[in-house]
Every structure is written in structure tokens, then in C-alpha cells.
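Pulled from TrEMBL, these are the features on record:
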BINDING   Cys578, Cys581, Cys632, Cys637  Zn(2+) binding site
DOMAIN    19-198  domain 'Helicase ATP-binding'
DOMAIN    378-544  domain 'Helicase C-terminal'
DOMAIN    563-693  domain 'RLR CTR'
Amino acid sequence: SHTDLYSPFEPRSYQLELALPAKKGKNTIICAPTGCGKTFVSLLICEHHLEKFSQGQKGKVVFFANQIPVYEQQKSVFSKYFERLGYRVAGIYGATAENVPVEQFVENNDIIFLTPQILVNNLKNGTIPSLSVFTLMIFDECHNTSKQHPYNMIMFNYLDQKLGESLDPLPQVIGLTASVGVGDAKNTDEAMDYICKLCASLDASVIATVKDNLEELEQIVYKPQKFFRKVESRTTDQFKCIISQLMRETESLAKSIYGELENLSQIQNREFGTQKYEQWIVTVQKACMVFQMPDKDEESRICKALFLYTSHLRKYNDALIISEHARMKDALDYLKDFFGNVRAAGFDEIEQDLTGRFEEKLQELESVSMDPSKENPKLEDLCFILQEEYHLNPETRTILFVKTRALVDALKKWIEGNSKLSFLKPGVLTGRCKTNQNIGMTLPAQKCILDAFRTSGDNNILIATSVADEGIDIAQCNLVILYEYVGNVIKMIQTRGRGRARGSKCFLLTSNADVIEKEKINIYKEKMMNDSILCLQTWDEAVFKEKILHIQIHEKFIRDSQRKEKPVLDKENKKLLCRKCKALACYTADVRVIEDSHYTVVGDAFKKCFVSKPHPKPKKFSSFEKRAKIFCARENCSHDWGIHVKYKTFEIPVIKIESFVVEHIATGVQSLYSKWKDFHFEKIPFDAAEMSK
């Protein structure tokens, strides 16, 4: 991993070249390929920065990283290096922030690692009075500085100070990225505008790239050769026919319950087994939640029925996607699991009916999925490439990117069950996924898989969704396969940097010709980006600074005029209803806010509305201890409402707004919110005194 770069501490010429403008004190965006040691470049800049201060005043550096695995990696590199020199290095990220008095923490250390939201919160609440406490800010993956991203929130604060009256000195700014990107630019002029806007957001007057030492750089970062393979899908698909028939039946059952089903979503001409179908289901489920009838029992019955039908449709849709890209067997196992869980839970009439329909077809599905002549031709192509590559180089390390979490599991099972691929030892790497607690991977698990890939011969192929393509340092992997997977420009270059070993290759396998086109457009966008950077580097620095100042003034003007339109607080009391069965849960007047971000309900009435089960993963975070999960108490509903926690001395429920529908009492209008911060009602803070009454 990083050891090759850090043990000798002999910076390479291109690393010194990248560090030069920043060492002169200029605000710089450093744009260089993944894997060339940008962390080390920032370390050189940091060391130079801290050493130039005289005895009196001291330098203070803050390093921002978005992703915790990346943060961990960089913090440990900095600690090793700087603690020998007598500097204090420390970090706070997300979960640990609550327990740490941030101002002392900043005060007592020389180099501080933060996830950006922590600084945003502390600037907002005044704990940290101004960015002037820092003398250098380093933004890792700085291409994220746009829109409402926490990086941009920090820079808004910086720019308000720069353009305001204050005379306090501002910190120097460094941004690190493998690719500044070009947004939706169609030509070099638009690309230049996009890049100027990023520079304005980071107040950068220089873009540093390797120019004088390109040969040396290319020795170290090999761009993999790119191969495009068009693969063929199955010609006939019995599995798809049967599942589609089940989906059609389920849709007509839903229509028989509610005739207006088609009007619940704007999404037109959906097809089974597509992302679009998934989106249709999501929009229908949302519409169900706010839909209303004079007869409330009827409304509840219909909502619940539609929720069940669409949930089954979603699973069938997932299964079609698995079967399209992996084996029918994996898709069938996925469905059998699902129906097993349904049977173990409430299992009401509708679920029994749907399970019965599935089981009628099970025999036929089993025999189709066992038929060797019906194998997925795409898998044969994938198998062939893997056999070839490992034959050429048995030491190959591969990362295989796929679209969905379910496909990760399906392909792992396929590899493990395939005698032709017995030389592969697959591991998986996926994001922390919200939907189903047991599916997403927690960060420690992610970290340990990455370590396994790095250090041992344990895994020689990692199957991943998109997590690995930003910033996580995956060691010497020399084969990248994008299997029916396509990202954007930034991701593309980052993925390219991931295939780090000599002679690395990147295969794009897809049955869709448009995807190959898209990827070629990405390559063109990358060229456009490089041309634009070269062009901007020829500008006179004073002229460039002037241009950026104009952008900053204009953007601040827009920002300030939007700020004036504060959301109007609606002080009227409202009902919260269960999103699944529409049972009344509580009123907004009973909701209390803890530490600005957690919502509980006071009063005894609410206690009768939910039931709780011990939490599968009880754990502490900040001042909370997760004890249990809570569910709607209405018979046959048990919709997930949130958790039960111990907070200080109180045992209280914490609810998530995405589990409820908000009903305006006077008008009966219903609305949905996925986050509490989007729901503008009068938020009463939690008060211990009120609780002890």
C-alpha cells in the first residue's frame, strides 16, 4: 500500500513539482492521477507550511476527507510521519464528534483530520468562531466542492469572510483530486467555465499538474489498456417469461384493489427487469402513502395491500436483474429467501395468495434454472476473460464492478460454484446500504476486506459496487472489470488509477452498445478536461484571480438572495400517520428534538402505538445507546418506525420521518418527507425537566 511511498521519504521529482505552487503559499488545486502519492504531496506541503512559522505564531492544518476508510488511511500516514517531528496529529469523524469538545481539540493539535460536516456544524453553532483559527486547509477529493456538499459549506464561510469586512487572515487552501471533471460541458470552452467555477469555489489561483516530470510519473501510474467487449444476452428466456407472468398477475391484483393504479406515477412505459421499473415502484409506494379516501379503514386496507403488491413486484424485478446478469439459480434463491422471510413475518391473506402463486410456478422455475443449456452467455464471456488473464498471470488481482448489491452476492456464488474458476478466491466490497440492516457493510468490515486484499493472498478478486471507485486505496490490482457497469468521468479516471500494477487492463463488458458509446464519451470528456487545464495554465495569474473574484462575487450574490427566502415555519399541529397502514401515531406537538437531529415523542399515548423488539446490533453512538427497534403496533402492519434508545437517563423512542405520513389537520392534505430537515414545523427542543414531570 503506502509503504513503498513513505519508507524512504525521498520525494520523487514529480511530487516536488506538484507541491511547488502550494509551498509558495498559493491556493492550489493539485490534479494528478490516483496512485501517484497525492497524500505524500500534501504531507510535503504540510511539513513546509508548519516549519515556516516563527516561534511566536503557530501553524494549524486541517485535513478533510469524506470517506472514513480514506480518512483512516491518511491520518495514520500523517501520524507516523509528523509525530516523530514533535507535531500533534489527531482526528474526529462523524460518530466520535459528539463526545469531543471540538474547540479544545483544535486548540491542542497541530494537524487535525476531520470529516467536513463536523466543521460545518461547529462553525454554525459558533464553537469554532472562524476559519482564521486554521492556517492551512486541505480538501481531499476536492472535486466534490459544489452545490450543498459540506466542502462547499465550509468554503461559503471562507468566501463570506474573504468578500466581507473582516481583516483576519484566511487559511491557505489546497485541493487534491484525480480529476476536476467537466460537468455537462459539450466543448472546451464550457469545460473551462466549469473548471474556473471549481477554482472559484476553492479560491484557488493555480491548478498544479505534472508537466516537467511526465516520464517519471508514467513509470509509476500505468493507465490500464482499455478493452470494450459487447456481450450477448440470452436468446430465449423462460425464467423471464414466468416471472413476468407473475408480475403481470400481481399488477392486475393491485389494479383490482385500486383501479387508478396507473395514475399514481408519472413514469411511462416501464419494462419488467429494469431500473425504470424500480423507480416506478418507488413513486407508486410514495403516492400510496399520501393517498386518501373518506373511509379511513378502506384507505388503510388499500394502502397496505398496494404496499404488499409493490414490495413483491420489486423483488421480482430484482430477480429479473439478477437473472439477466448472473444465473437464474441466483435469482431464484433470492426469491426463495424473500418468500421465506414473508412466511416468517406477518403472512396475511394477500401474502399467502402471492406466495401460493409463486409456489405453483416453483417446480417449473427450478427446472429452467437447472438446465445447463440455458446458461447466461454473458457469464461465459466473463469466465473466459478471467481464465485467460489468470493463465497469463496467475498472480493477477482483480476488482469486478457490478451495478447492484444483489449482483455482488450472485456473482460471488457463481464464482465459488464454478469449477473452471477454482483458482479464484472472491471477496466482496459494498457500501453501507440503508435499506436492510444486514446487507450493507460497516466501515470496519470494509476496512478489513481491503486489508485482506492488500496484504495476503486471501482474496484475488474483489466484487464491488461503486464504493471502491473513490479514494480507497486498493493495492496492486491489475485487472479491472466493469461488468454491465458505467460511472461518470471522475469515477472513470479513478477506476483507471485503481488498476495499479504494471501491465494492468480494464475490460468493459456490456450487452448494451450505448454503454460503450457512453464510455467513449467519458474518454472524450477526459481529453477535454486535460486540454482545458493546459489552456488555463497559460493564463496570467493576476488575470485568472480577477476572473475568479468575479465568479465569487456573483455566486455570493445568488447565495445571499436565496438565503433571504427562509422556509416558513408552520406552527399548526399536524398528525403523523404510519406510512404503511395510516394508523395515527402522534401529533407534531408531541415531537421533541434532541441535539438538533434526533426526534422523540413525549406523552403516554404514543407508547401504545408501537411495539419493540431487541435491536439486532445494539450499539452506542454519541450520548445514545441503541436498545431496540420499534414498529407500528397495528395488527398485521409492524412497519419499521425507528429505534428505542437510552439517552442520558431516559429510555425513549427515536422515530424516523420517512416512516410516516404528515397530515394537515384542517385540510386533510398529506405530505411525505424523507428527512426531518425538509419538514419545517415548529421544532420544540427536548427538555429533561419536562420529562421528569
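Note that Cβ sites are derived from N, Cα and C of the backbone, with glycine treated the same way.
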Quiz item: Mind checking how the domain 'RLR CTR' (563-693) divides into helix, strand and coil residues in DSSP?
Solution: 19 helix, 58 strand, 54 coil
Practice problem: Report the residues of the chain - excluding Cys578, Cys581, Cys632, Cys637 - with C-beta within 8 Å of the mean position of the site's C-beta atoms, for the recorded Zn(2+) site, in sequence order. | Solution: Lys304, Arg579, Lys580, Lys582, Ala583, Ala633, Arg634, Ser638, His639
Quiz prompt | Cys581 (Zn(2+) binding site), number of other Cβ atoms within 10 Å | solution = 19
Quiz prompt | Among Cys578, Cys632, Cys637, the one of these binding-site residues whose Cβ has the fewest neighbouring Cβ atoms within 10 Å | solution = Cys637
